[in-house]
């Protein structure tokens, strides 16, 4: 059924298709229909970051930036749902067109630029949702906030979402906000992590609960840079790392229509690059920090490969767009079939 739906949706512009899909998934969630249409995946419980997940396959941030369809996505069988990226103030993002499909490569290029309705609107949607499962909220900085003041934006968002999130993801790796990726390195990263960790401690006392913090990183790093990031995350007391965001590389899409568009590339071409980052992280972290893997999962076996590489959880984005809800169950089944450690 999804194959037919995809054929119809792909006749529309990518952003129109995205918005319509979000509306349909949201409506299905409100009516309780999504769970009837999709066969529920097996229960494969896993405990990560002190949280109990019904299965290790989640929705990656970016598909539901404003929390418009939380219940709908949950009913499709995701073990957890991550919404955002959200910023302190609403912002329109980059000019359209800003999403491009590359179906020959099962890939997407986007330069959305953190378009969202702001953290207050997102929280209104979270409070209206019935979902009681694991909810991640992904936070970023506004486009017009100088990079040297980015920590202020992250703290504003953290303060607001803390009481409503199961975990919070700090996005320092989108390629579509100028200067953002510089926050992944050196003193900039150290200062950001220290500020976040201190605020997390303060908020834990205020709210009587500790909400884990995850940092989402880019795939466009050397092994040495990845190791330094891993060490910084451990030293600062972060709770998880999400690997990875989209890539600036165009390997795998050379010569394709839209292959030279600016923005971040996701989908099948980023798979090996992202999985390599997971392996480097796993070797360095040695179990001290869990890894959430995202990037290029278009078949169930790819999810299992991420777990085998050292991840504890996986997330879907582009693969979900190309393959539909069936990919959730296929990924859960493939992970469940892995030999037990």
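Backbone N, Cα and C atoms are what each Cβ position is placed from, and that goes for glycine too.
As the structure is a computational prediction, the values presented were derived from the model and not from experiment.
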61, 62, 63, 64, 65, 85, 171, 216, 244, 267, 296, 317, 318 bind FMN per Swiss-Prot; candidate in 115, 138 listed for that same site: 138
Spatial neighbour of residue 138 (FMN binding site) that is closest, considering only the binding-site residues 111, 171, 245 and their CA atoms: 171
Cβ neighbours of residue 113 (substrate binding site) where a neighbour is any other Cβ within 10 Å: 19
Residue 138 (FMN binding site), number of other Cβ atoms within 10 Å: 27
Greatest C-beta neighbour count within 10 angstroms, which of the binding-site residues 65, 111, 216: 216
Under 8 Å by Cβ from residue 267 (FMN binding site), same chain, sequence gap 6 or more: 102, 105, 106, 107, 108, 296, 298, 318, 319, 322
Among 61, 63, 111, 245, which are recorded as binding-site residues, the nearest neighbour of residue 174 (active site, nucleophile) by Cα: 245
